[in-house]
């Protein structure tokens, strides 16, 4: 990168500027090298130094001690006082105090450790604690016995040096020589024995004994430690022998941290700053780390606030790690610290550092001689401002305080500017001029309580451009905001654009400590603010800006001050320090981090700045965050949608502010922020309001009314009207041009604020014109209109009448300090009448001929007395006759006379008059009024007198110094730029007396406007006399013009507080007069003058205020009047208060049309807006903007400003038959010029192999087709529409699960299409349950032919199907009868032919099987018949039939709502398809309702039967055996058996007999008989053994049946006897 131009032209500056850091680093390196050398050989110096040398020094010092000890003590005390006054702790002075008590030579020993440069850098009379490695002795650092002996000897030598006091102790020369020769041969105890003392005090002896014992113990412990270490060679962890200690130092001083570590193996030591390792190479010259002879040091050079931190020394070896901590606090003097003053001594200290001497003169006179004048320089040059200061009386050693100011701000010495005071001359030197140095420079000299100052302006012109036509360099590059993620840089635009408009600016950055500049933005930015991103946290950067136009890039600006990429809170924490004295301490606490806490949402999210290039967001961190750091993710979405997109996906934000780029200009967005840490990502914050991307700051409007006035032979004062409604105005640039040359030159290169400026360096006698332009961050305004030409020559007293130009200030000076300290005008200030031609009292102005070509700026002590002119009217007329620029124009005239003069309030010696403004203004604005009055004594008027010398702008005036009880008459004349008008008619007589009435006076200036056929608007001003209490409201009265006074009627029942009222309900064509009365707590006051008469009519051609919203969305109120006179003007007001100075409105009038534009319509703009036309009979109109109208206008403005293409259907996606993806949207209407841009993930895509686009302009459908969705197609799709100015877009987000689902569906459809090319299933396999409770598996097939086969499988086994499918109806079925658990499984059907095959699978397992069985059970339950009753032999049976029964169908019986408990008497079961309940031996308790519930798994199905009405026939008349049959009958063979039993039943039961559960057929051998329906007979003739068995009697009728069983056993007598004999024989055998 090329060097800046000023470095090429001025090598001497480049050397000092570029190499300063290098020279500082080299000097510090050499300084450290010297210090290290002294420290390194410190122990050798001690050990080799003999005792004799110590004695010689002691004797030499004792000779001078008497003279110097007192001085030394005083200096020590002075240093202590100094340290305390500047906040040093006692600990920092402890070493100095202790050394002074022990020996006067302690300071000399300490100074031997400092180099010459260190001595110079020390403050005078201030002792810096110096660390010496041998001041705290710890043995054990050496490994041999000989070295330990040398160390002990060195310690004794040092102790003797420190312990020597004046005349107390002396050592013999012989003992000294013996001791020095035995150092290397004898032990430490022999050295102690050879010491001899001639004179010892008791205190010294005790101290030496204690030290001896302590040293002996230390040597023994050390020797034992080394003996063990050397013998065993044991490893041990690091241990700090000397820990680093904390320091409190002044800013710009150096500090060293020392420590010593033991351990084996030798530990490796690392230095940390706030737990971050210190990198020496990252900050060259800042840190120096050394390790020598077991001593480790960290040196911090030129400490600043950033160095205040906790430092850690970490020692580590194989046995472990150990850390030691120390804090460094860097302090600053109150105010700016000036090293030159601090080191200069007392003689040059300013007043604030010295004591005013007594007895000197009580007043000082300060004069400036050989002063600097207005100066002109060029960028890159050097310049010096200076003057000689003469102070009388002169006091030696009492110097003045010199302070330089630029534009009222103190100038501090820096690398750009230096100050110097030689004792009688003050100098301000610029080593390298920049445009930032331009301004008004003031030197202020203070002596005691008196000061004097002198000022002059310095102009800095642009340097020659390297590229012809390139713009000048920007200026004032500063940082507005800085944090970890970005730094916002601002600058001022240059005055010179090189002849073509500036296209924008490039921002460059450079990391401090390097020379590498990098460009921050790829395209030029027009806005003079830009957030620079991509910074490294904690690093410092400098910036510069370059302007660019079509000719090339201009020179870079001056570099900014270094800025660190840190959060403001972090900077404040590092820089905030309590004021001296320092009494605090750094406390470091360690807390266990809270794990698992997901941060909450950020709060107070807002858009702090929005431009067309970027948007800046700001928020507050969440309250719930834990102890660990958090990161932020910023999301955006289009207004009106919820499609949130993460902005910073690659780089999380670390600070609670963020700048967003790459936003579409004119587009509306919303933003939100999420927090994240190791625990996860938190919930989002509340979204911001809708933000439209665009510059919120408008370019200022050009200034107006450029008026030049003469000043000196080489300067002209230019004044102007400031730009209206300018926001964030930076200042103004003024340009001048010689008349006829066409070449413009800048008068200033640094924007000036205010509305006047003195342009210097002009050619005497030349005529110049001037123009002004305003500047803010958005850019430079258009140039103002050129001023009138003015010849450059010294002013001699004439000028423009202030009454004609009231905008001019009283003093023509340019930059003036409000305290009277700085003046820029070289002439005294004139009063207004002085400009009108009044005479000047002496002393007069100095002749400009004496100061030709120069401008003297000094404190003006002369005053200009103003002389009362006889008549201001004459002065005004006199001013018109002069040949000045204000000549009467042809189209202007003086105003007509005012009217209706009335007395508004009267006092004892003054009166307040009011009047109405003239009907004719003369075509120009009325600039004021003049009032005349005269006394009337006994009806005779006196001479007219002037009431006011200065014109009054209001239509009321208080005339003072009147006579009490005197009668006066008045007349008023109006004035405009054309001149003074004719005075009004003489008023009626008013008596000057104190009004004591309690009610308020009359309102005044009552006027009407907006006259219509049924309404008008009446306005007035409050009364001047409010009475005893304030006015609380007004009453408005009305009557017809010809009506009597008793015909007045009030228009409002309650008092109104406004000073206007819209009068409604008027009759068309009727003439009215109106009046107003004020009211307070005392009552209603006197009515005002009448307003009118006015006829209620809408005049032909009357127009109303019309609201308009143009194509740019600008909202305006427009009014047109066809009845204007040449002198008529439009007056706009809000709520009938003039809006001339409103910053929210812009008014433009041309011809008979006027327009009032809203700059930013909002809630504060609600109200009634009216426009009145002057010099007419009340022509005007108004428009009401309420909340509803405001909403309507804002919506319309948004629609016009950002017109949209109406969308009928938003962007959608669908999958086509072949798996193609179709993106489509539909607009309401598309013209032939409509352009469509297809965007995918913020990149435009075009038609090609992958994308096919189509637009149907007739239907408005826009389509894009994709053959297949792949993984890289996941993202955001947007269709952007551009139809002229109208835009539109629709976005579809396909990410995450949504995209995966769509991709899966597209692939499915593609496979489906392939499948359907052969035989396939139109409907896949499904099931249904038939009415017969069978399960039918079915599917629908398509695209089949005769050769197509279908095969069924269950659990991969083919199912044989008896019937062959014909496929006529396309339905294939498989019937499964009596479906049960055995039928569970996986069913599959395959359809195949030569074109391919397709298969369908149906899983009937687990839940699917349960679902099917539930449906089967439901069908079975629905097939159940009603419950029926059956009587059985055992009792009663309730039963129902189903189609078929499965175990999954649950059967439950209940009796009278209670579940039945099954026993041997009551049983339930299923027999085939019958479900029954058996009740054996029923009883009356069994009557009631019986319910059978069939539960299919989800619902229950019930069947009910009621046995309550059936109890008699069932229980009493059922067939049964009453009695008569035995259970067992035993009969002898051959006998006859006759059995009789009684049966019962109604109807008579049928009787049958059973043998061995088979029907018994009667015959001759066995006969049965049933008589009378009650008695049954059973007879067997000649019983035989064949008749043995089980018999049963069965009785049955319609109510039931019953079986009575009995058994017949037949025996033979012989067999019985034989059996008895055999049994007896068996018994005899057993007894034997």
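A Cβ is built for glycine as well, from the same backbone N, Cα and C atoms used for every other residue.
The range from 776-800, 801-825, 901-925, 926-950 that TrEMBL describes as region 'Disordered' is residues 801-825. Ranges compared are 625-678, 679-732, 841-894, and TrEMBL records region 'Disordered' for 841-894. Most Cβ pairs under 8 A with the domain 'Fibronectin type-III' (702-795) among the ranges 357-459, 473-568, 1319-1405 are made by 473-568. Each residue of the domain 'Ig-like' (238-329) gets a DSSP state, and the totals for helix, strand and coil are 3 helix, 58 strand, 31 coil. Between the domain 'Fibronectin type-III' (601-695) and the domain 'Ig-like' (1319-1405) there are fewer than 3 Cβ pairs closer than 8 Å, counting only pairs 6 or more residues apart in sequence, which means the two stretches are not in contact.
Taken together, the residues in the domain 'Ig-like' (1319-1405) have a mean pLDDT of 84 on the 0 to 100 scale. Residue counts for the domain 'Fibronectin type-III' (1002-1101) under DSSP (helix as H, G, I; strand as E, B; rest coil) come to 3 helix, 44 strand, 53 coil. Helix first, then strand, then coil: DSSP counts for the domain 'Fibronectin type-III' (897-995) stand at 0 helix, 47 strand, 52 coil.
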